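Database features (Swiss-Prot):
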BINDING   His146, His210, Glu260  Fe cation binding site
COMPBIAS  287-303  compositional bias 'Basic and acidic residues'
DOMAIN    5-119  domain 'VOC 1'
REGION    283-303  region 'Disordered'
Amino acid sequence: MSIRSLGYMGFAVSDVAAWRSFLTQKLGLMEAGTTDNGDLFRIDSRAWRIAVQQGEVDDLAFAGYEVADAAGLAQMADKLKQAGIAVTTGDASLARRRGVTGLITFADPFGLPLEIYYGASEVFEKPFLPGAAVSGFLTGEQGLGHFVRCVPDSDKALAFYTDVLGFQLSDVIDMKMGPDVTVPVYFLHCNERHHTLAIAAFPLPKRIHHFMLEVASLDDVGFAFDRVDADGLITSTLGRHTNDHMVSFYASTPSGVEVEYGWSARTVDRSWVVVRHDSPSMWGHKSVRDKALRATKHEQQPE
């Protein structure tokens, strides 16, 4: 009766058209129509996984976590209330917008709107047709992917996501931010995906550092790298992470939030033990962020 996966994310952005082009033509997502939930995008048999709404924050607006059924939803609502968290039951209008049977809404300790739901819409009768050459995305029991939450107090956030929401610690990377500055990054799982959430006290203005999509082949990563690189949006070169062993690159979205696009992450099972890493990558992942930021700012200049 616990959270099974990250089911969907919604972004509030100042340039919806730029996001539409980026998600479909660069990353290979499928357009799934425009509703009062925003512009919707698919990566699998679900009716939608990412929503993009008009807004000025240029950031993650909400995230939805999936439970198995109504009993699981009620259990999570009770657990949140017992922890002193304000919980609202989503009305029929919100459930229709999200395409789910039932949901609750609340916020994490630092104000990120979160939802827990069950009964998401499946559209097997409408085959997934990628917007660019992608053989497929890895979802299923592992869910949509992950995001890295930026918070001022990682201990407080970690306690909330583990003690209240039930995530489990996979490992920790001590990120060296400068000669005398190290920030621990906590990687959490709720299924066999190595991490569905990471938490770090990064001094960034956004709610998240990046979100991640995992694809089916190394060629999917390579072709997407070339498409994104053609517009100068790469923020980190190809590399392989020390903790989940994913081969990936990072790129800037039109809002400045980054996306990680990767392949072949290892999974956690009952034999998994928590470890600590001193470096985020075995090789690669060299920063070229300044170049990408210049390209993003150029795109945002009025014509």
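Residue numbering: from 1, along the chain as shown.
For all residues, glycine too, the Cβ spot is worked out from N, Cα and C.
Features as recorded by Swiss-Prot, highlighted on the structure.
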residue	record	Cβ neighbours (10 Å)
His146	Fe cation binding site	26
His210	Fe cation binding site	21
Glu260	Fe cation binding site	23
Shell of the Fe cation site beyond His146, His210, Glu260, same chain only (C-beta within 8 angstroms of their C-beta centre): Gly145, Phe147, Val148, Ala198, His209, Phe211, Met212, Leu213, Tyr250, Glu258, Val259
Three-state composition of the domain 'VOC 1' (5-119), taking helix and strand from DSSP: 31 helix, 48 strand, 36 coil
Segment-level pLDDT (mean, integer) for the domain 'VOC 1' (5-119): 98
